Amino acid sequence: LLMQGSMFNTWKPMWVVLLEDGIEFYKRKADNSPKGMVPLKGSSINSPCQDFGKRMFVFKLTAAKQQDHFFQAAYLEERDAWVRDIKKAIHCIDGGQRFARKSTRKSIRLPETINLSALYLSMKDPEKGIKELKLEKDKKVFNHCFTGTSVIDWLVSSNSIRNRKEGLMLASSLLSEGYLQPAGDTSKAAAEGLSDTPFLDLSDAYYYFPDSGFFCEGNSSDDDVVLKEEFRGIVVKQGCLLKQGHRRKNWKVRKFVLREDPAYLHYYDPAGGEEPLGAIHLRGCVVTAVEDMPDSKKYDVDNILFEIITANEIHYYLQAASSAERTEWIKAIQAVSRTGK
């Protein structure tokens, strides 16, 4: 979600976790400690929140000490889901009940004694953890990654599990909670439910740590740098959008092509030309709908805008032809930012 800063009135992407008694927010998903926490006891929630007329899908959480916290979701259904679950958690606290929500740990029946965060740190230990390698498959080179078999081997050798079947359960939980990421078609297909287990104990199923510096050979982590190797991915969505320029703040029509692997949104001159004008790296980005933007040159059409904030906090503003098309682009970009490299 996007969260408004308490001091400078700025909006920044945060990884938000709903607990039984509060909301924790982190700068990144892989961080071990939260940047802050909002207790839910005595809190109230207001949605839709109209305090920010130019931002859509905002909800306000007011803590017991009358301190307001503002969050922005990407689209209507996402905001309503957050509000529904937070209201349920507050209701359970007020009634002295335990807030029950879907849990990966419970669905996989993982013992409560296992600390996934501590296990993740052990797996990343430079001396005793899982060794990150350069692996090749299907004419692609994957850097800073490891095989599914090596994960299970490590869990067995570290006495974290009794057998490989238990290892699959534990590794699946690490994958579902974001401590591991799939790399390549085989592991991605399993993670998306196309296999008997989300995690694969196979030597040709590749995985990586989310903050390890993983990349596919030839790809770049810098925005607006275009390399030929980026064009190997499957096209998820394409079409024309308005894009605001970074320097002159003027709007131009561009043809956009969204690719899944690697996670890039390329833009082209709609009049033609095979070479893209630039690319937005989507891995780890946040995308939200917005109503209007300050300090920008108006374009003579309705403001059906959305904003992409990349992992290194570069802001891109785009405009769709309709609100339905905007929602489609947001959902597609969200999916690619989670699974693409």
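All residue numbers here begin at 1 and follow the chain in the order shown.
The backbone N, Cα and C atoms fix where each Cβ goes, glycine too.
Curation plays no part in TrEMBL annotations; they are all automatic predictions.
The annotation domain 'PH' is assigned in TrEMBL to 1-91, 234-338. Annotation source TrEMBL lists domain 'DEP' at 126-211.
Shown for the domain 'DEP' (126-211): DSSP residue counts in helix, strand and coil, namely 33 helix, 19 strand, 34 coil. Across the domain 'PH' (1-91), the prediction's mean pLDDT works out to 86.
Helix, strand and coil residue tallies for the domain 'PH' (1-91), in that order: 16 helix, 33 strand, 42 coil [DSSP].
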